[in-house]
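Remarks on the structure that follows.
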Amino acid sequence: MDFLHKATLLEQTLNMEIGEQVKKLATYTFSNFIRCPEVQQAIASGEIRNDMPHLRFVYIFYLFKKIQDFIGDTEVFGIYEKVMGVERANSAKLVDVVQACTEMRPHIQAQICEHIERLTRGQGENVLWEVLRDGVISSSKLLKFVKQQTPDSKIFNPIPIQKNHYVASPVAFGVRNETVVKKLISELVVEEGIGCVTEFGFMLSPNDGIFGVSLDMCTNASMSDHNTVEFTSTTTIYEIKCRYKYLFSKCDYDPIYQAYQKLYNSPGRQELIDFIQSIQKPTVEYVSRGRLPTQNDYLLSFDRSWDFGPPKRKRKLTSGHKITEQCMKYNCYTESKVIILTDPALTSGKIEVKGSFFVDIYINPRHAYYHQCMLQYKIVTNYVQLTKGDSCKHTHPGVFLVSAFFRKRNSADFPKTYIKTERSFVDASVEIPVLLIITPVFVPHGPLVDTLEQAIKFWQVAVKEEFNHWPWAPTSLSAVGDVTP
């Protein structure tokens, strides 16, 4: 790789077609930077420090020095120029860059990460988003890495995310309906006047350079004059799930629709239980106190009313389940809010709240969704604390998991469907939302640090398998930054 060569990406690709230029950009990954002969030799000889997160910021220095003219944005490299001085930054040798990144203050690292988020919006459609996620443990795969189940989830040189999904596939369903749920939250759930941010790029963890997330939506957040996200002490994260298996048809032979009609006409707890039970694989699992939940369903309840399947003996919680037990204690006394939406076929196309109530279901800390929320909580906490100064040193974001249920459109639906007012139309290509279950998520400090420590250990194993000479990630990185509730 030519990371350390003077020629920029723009200079190298002037005579290439745009597709070839993008392919070239896609090769500038963290893995390929570490493989550079100059970097391998410097690590092997001890000429440079190889610890994280500093080596990640060395990579970012060379990446943006190489591509800034090509992407037409100089903000990231400009931060390095302010830290190092313009002349030194543009003529620095590898050892000088490593020294500068080692001495870099955490709030400067956070500024760099803020601009990376800005430049990677569009997520899977943005090649830079793919490039910067190399060598990173993402929130959606955190549980797999903790369990060391990674045949399809490589940390380094991961398989590119498939973007051309078949329109009827579960993935395509979730992607196209996520926008609708964001509108529902901003129009019907959040108080009027509260700022919402609904598009995020890749958020690298500035404290370790190992973890990263891409959020769905935040409230009590806004855009700065530089178009970076400004989180606050009251920021709330919403992780959205639109699961294909919940989709049903508006017809009498669909058993889910039959149960939904009863719920719609008489919104209440028992009607919701009957509705959830009508789904082939219900999303709520009954678990008695002191017992270990499975990892099958992402919502739990202590109430036997939610016990849908044949009787099963569950294992007792033991000392080996300390993390699960602590997380259950933090979450089991919460309730989820259920919002029943009006049927737009009956309201001239208008979708609003028909009714709402609370139910005794909470998030399953053994499920991947909990780990996803856990890492989002950790990284947003660090962004707030590093960018807002002492006033937000001990603040923490709220986190909610939103389960959205949809039905298929039919001939009775109006051509134009909208949420609350005619300013917020729902695209005719998406399904009709029928209800939301909004579940609060709480993350205790001890289990968070322990989980991150396990993931860092696995990252270190993976990096040793990948390179002859590798970066070093101390497990103490799991506790960097104040994330104590």
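Glycine too: its Cβ is placed from the backbone N, Cα and C atoms.
Here is what Swiss-Prot records for this protein:
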- GLU178: site 'Required for function' (SITE)
- ASP216: site 'Required for function' (SITE)
- GLU239: site 'Required for function' (SITE)
- LYS241: site 'Required for function' (SITE)
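Positions of the features from Swiss-Prot, shown on the structure.
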residue: GLU178; record: site 'Required for function'; DSSP (3 states): helix
residue: ASP216; record: site 'Required for function'; DSSP (3 states): coil
residue: GLU239; record: site 'Required for function'; DSSP (3 states): strand
Integer Å value for the Cα distance linking GLU178 (site 'Required for function') with ASP216 (site 'Required for function') is 8
Under 8 Å by Cβ from LYS241 (site 'Required for function'), same chain, sequence gap 6 or more | GLY174, TYR298, TYR369, LEU401, VAL402, SER403, ALA404
Give the sequence-ordered list of residues that share a chain with ASP216 (site 'Required for function'), lie 6 or more positions from it, and have CB atoms under 8 Å from its CB.
-> GLU178, LYS182, THR198, PHE200, TYR238, GLU239, ILE240
Of the recorded sites listed (GLU178, GLU239), the greatest number of other CB atoms within 10 A surrounds the CB of GLU239
